[in-house]
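What follows is a short report on a single structure.
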Amino acid sequence: MDWRKKDLTQRKKDYSWFVYIDGIAHCLKADNILDLPCEIRSTFTRGVEMGYTLLASMMELKLKGLDNCQDDWTTIEDINQVFCFRHTKLSEYVHKHWKNDDFFGYQFLHGINPMMIQRCEVLPENFPVTDDMVFPSGQWRLNYEMKTGNVFLCDYKLLDGVMTNTINNKKQYLAAPLVLLHRTPDEKLMPIAIQLKQKPGEDNPIFLPTDSKYDWLTAKIFVKGADFNIHQLNFHLLRTHLLAEVFAVSLLRNLPMVHPLYKLLFPHVHFTLQINFLARHALISKDGVFTKFTASGGEGMKTILRNAQSSMTYSSLCIPDDITERGLDSLPNFYYRDDGLKLWDIIHRFVQGLLGNYYEDDAEVQKDSELQSWIQEIFEHGFLSKNDAGFPSSFRTVSEMVKFVTMVIFTCSCQHSAVNSGQYDYDGWMPNAPLSLQKCPPTRKGTTSKATMLQTFPNISTTVHGMATVWLLSRQYSDFIPLGHYSEEHFTEEIDHKWIWGFQEDLKGLSIDIKKRNKDLTSRRMIPYTYLDPEKVENSVAL
């Protein structure tokens with residue numbers, strides 16, 4: 001065992017913890033990308049392709065004189081002139097339908113952030129919506145619709161009181177809205193009330209679909225701005241990238257390469273440390289794109305991350321528990337849930353079977369000191385030793401270990417795909433996902449117009465830097481490694497190969513089913529949901 005201890009002693013020197021921002025998950029200590037050991041660096045091919053994509057985008061913006069243009073947009077058509085150079089089939093659909101209420105509601109289930117919506121059985125005390133407001137014709141009763149599971153809430157309270165950015169000497173704005181949605185008999189999810197600040201009052205009106213065109217549209221724009229910021233910081237950065245880094249660093253520090261859990265998990269954390277190092281330096285550093293060009297950049301970003309960290313629970317990271325807690329078990333045609341639960345079950349069955357070869361009973365788990373060190377460091381450095389949120393600090397049973405490892409693999413592959421792959425699809429058309437807003441939320445009805453809407457949007461430079469960034473982060477690169485790929489050099493036992501083969505066959509079967517469903521949706525002129533098709537899910541957080 002001495003060689004194992006010697007190996008881990010060196011690894012703990014190579015991979016040490018660092019506190020990048022107080023109050024959030026810790027990361028790998030590295031001052032230079034060359035400090036990263038070769039075993040965890042991404043491929044040369046990906047580096048070249050990402051560099052070329054970024055350089056080409058920025059050169060195009062410079063040639064068009066847009067990268068430093070501080071002017072406001074004067075027409076929607078001008079935004080379209082920039083957008084038309086970079087678009088996908090879905091982003092073009094977003095461009096055409098972003099104003100529609102049914103598409104606004106649709107995105108809370110099938111867009112890039114399906115994590116905010118929850119069933120609403122009782123209105124929050126700070127959201128005084130009445131029947132007359134939302135159902136003026138008397139067709140429905142709000143209390144009855146809530147009891148029957150037809151009313152849903154999105155509450156952006158984590159953004160309340162956040163210090164906003166200043167861009168080009170101009171203060172930016174970020175709402176902390178509450179959104180009420182109603183599922184209609186034709187199964188559309190329609191917004192019925194929006195309050196842009198948390199504290200009710202005369203200066204905080206509840207906006208309704210019956211309000212003027214630009215009052216209602218402006219309210220929705222502030223919601224989309226809030227959603228962009230909470231999605232990027234909480235559900236994308238913290239809950240996939242930063243947690244994946246914690247899982248990776250603890251793995252590399254505590255488990256020797258011959259350990260079965262190392263063999264199982266290394267492909268799911270490969271390249272994560274490098275992509276996160278680049279994100280800290282190019283996106284969220286003092287001069288990073290997110291810091292310079294979003295409403296929450298700077299101190300606001302740190303506050304949101306701390307709020308998100310403190311509100312995070314173990315159950316919210318496990319999709320079966322999360323869906324149940326949000327009351328979304330029986331909501332029809334919720335494809336993130338449907339595909340995600342099937343993927344969770346496939347991964348869980350695989351993990352249970354493969355690790356079952358090495359852990360015959362609970363005693364085997366309890367006496368594995370390396371395994372226990374792995375989870376202990378994750379609890380300390382990832383979950384900040386929070387005892388009241390359900391996070392395990394040790395494993396007592398095989399089932400506890402299997403569930404946690406399933407969560408790790410799901411987070412590093414499936415969950416990241418769900419909140420990352422569609423960034424340009426849904427965020428490329430800026431009015432649908434404004435990264436910052438230049439006017440404060442309206443405090444009275446009847447004060448908005450097309451002109452004020454355009455003045456509220458981020459300026460030209462901010463817009464195009466945001467578009468270029470989400471284009472870069474949404475691409476699939478040529479060295480893409482799909483979920484379920486394991487190098488033969490890691491697993492040598494025949495029984496392990498059988499479990500891997502079965503895992504891959506289950507993923508292929510699910511991919512076929514998802515493609516059939518999406519083909520049917522397309523034939524009915526509906527939007528296919530592709531982000532959790534196993535063929536499109538990358539094995540690790542590598543982008």
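From the backbone N, Cα and C atoms, a Cβ is placed for every residue, glycine too.
According to TrEMBL, the feature domain 'Lipoxygenase' maps to 1-543.
In sequence order, Thr272, Ile275, Asn276, Ala279, His416, Val541 make up the list of same-chain residues 6 or more apart from His241 (Fe cation binding site) whose Cβ falls under 8 Å from its Cβ. Sequence annotations record features per position, and here TrEMBL assigns Fe cation binding site to His236, His241, His416.
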I'd like the Cβ neighbour count for His236 (Fe cation binding site), meaning other Cβ atoms within 10 Å of its Cβ, all protein chains included. 23
Could you pull the average pLDDT for the domain 'Lipoxygenase' (1-543)? 93
Cβ neighbour count within 10 Å of His416 (Fe cation binding site): 25
